[in-house]
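Database features (TrEMBL):
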- 27-63: domain 'P-type ATPase N-terminal' (DOMAIN)
- 37-54: transmembrane segment (TRANSMEM)
- 93-154: domain 'P-type ATPase A' (DOMAIN)
- 261-283: transmembrane segment (TRANSMEM)
Amino acid sequence: MSRRPHMVFTATTAFPIGNTLSSISYPKNLMEQFSRFMNQYFLLIACLQLWSLITPVNPASTWGPLIFIFAVSATKEAWDDYNRYLSDKTANEKQVWIVRKGIKQHIQAQDICVGNLVWLRENDEVPCDLVLIGTSDPQGLCYVETAALDGEIDLKTRVIPSACTGIDFELLHKIKGVIECPNPDKDIRRLDANLRLFPPFIDNDVCPLTIKNTILQSCYLRNTEWACGVAVYTGNETKLGMSRGIPEPKLTAMDAMIDKLTGAIFVFQIVVVIVLGIAGNVWKDTEARKQWYVLYPDNDPWYELLVIPLRFELLCSIMIPISIKVSLDLVKSLYAKFIDWDREMIDRRNRYPIPCDKHSNKICCISGNFYGNEAGDASKDKRLLNAISSGSPDVVRFLTVMAICNTVIPVRSKTGDIVYKAQSQDEDALVHAAAKLNMVLTNKNGNILELRFNTLAIQYEVLETLEFTSDRKRMSVVVRDCQNGKIMLLSKGADEAILPCASA
């Protein structure tokens, strides 16, 4: 694999990090519009109406609505492009903290160069692809939201390379070394790179880097006070930038269905027009010329055979009225506005969509016994509370899975309370529910998990973590019970993934 070195404090070229105003041109918009069969059909009918010999109506009755619809569509696309341009401009000009030549300074995101040290605070958007070298977490962990890259709302865990472990916060801005990275690519799940720090930090040992040691452009730093990283890809060379291409025209399911129906009706029209056209031409040659008031010329032009079929085509065009396009576009716009106006879909306190209740645990099933119900709270079910008090093995095992089959990090607040930093709201809800039922995750020190159940202190060693993926639809951890040395595989996930693996 070809590689190119990136000196940590050697600046190269800076690139803007956003898109540009690209698809505002009307010819491009017209090509996109006419890629749909329904629009091609309306254009055909409008063109046929320009031939005065076959049209019974004024062509303006079709051309007027058609031009108006396309103009409105093009204007809307231009407005959307302009808003994207403003959004990109805001992103490019956003202020970020960097360290350049040992000096911490504020610059615009578009001026970040490869090799700069970039400092991020909680909830900051990542301006370029970074290799982590430090975080506020003592274990070197941080959490990132990658929804802009892969559409997954669960937080992902990222960790600093082993070579950077133990470096004091005050020394991070003085760190020097070399990162060797492959040529830019769009694979957001893989990075094959190496890191070498210069003395006195480490004696030139090579430390391998993976995607777990990076945070990529357009991700957000979550549940982490601060993080520091080295810019390795910027601008269009980031993973996100390499993934950008010419966007394909989007077609909704409704539009696709209308296009198919339009095509089917058009085929039916063609059959009708051919039959009626042949019958009309036969009648013209056998009967019409005998009628003095028809006034057919003796010598017809070569295109005379097409006149009658095309007249029938225009008469049949009412099968697909142009008003259907107007109605569809109007209805979609109104539906979008209705969603924006729906106050029931907004959290009135913070104006965001209502999140799931992290303390909710309505119903659970343990060894065939159901506790709680849809209208209540399982944590208040007396039968379940009695089973917990008596130390029922099945209930204890169930609560243990809820408490440790996750990547949640417990943190002590200044007041002494336990605060959980979770990758997803689901994991947060499960850990809180287990804590409410006396199975409290109290500490995580390296691979050792500490639990408190009633008055007992329990420890487990995490041997392996199999994170949740869309293919497996479940998460698993392999743990060793520190009391008896027993090794267990604990899993949680979707019913369709877990039930086939469960024994009767």
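Backbone N, Cα and C define each Cβ position, glycine as well.
Keep in mind that TrEMBL annotations are predicted by a computer and have not been checked by a curator.
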Long-range neighbours of the domain 'P-type ATPase N-terminal' (27-63), counting only residues six or more past its ends (CB under 8 A): 70, 73-74, 77-78, 249, 251, 255, 258-259, 262-263, 266, 307, 310-311, 313-315, 317, 320, 322, 324-325
Per-residue pLDDT averaged over the domain 'P-type ATPase N-terminal' (27-63), given as an integer: 79
Helix, strand and coil totals (DSSP H, G, I; E, B; other) for the domain 'P-type ATPase A' (93-154): 7 helix, 30 strand, 25 coil
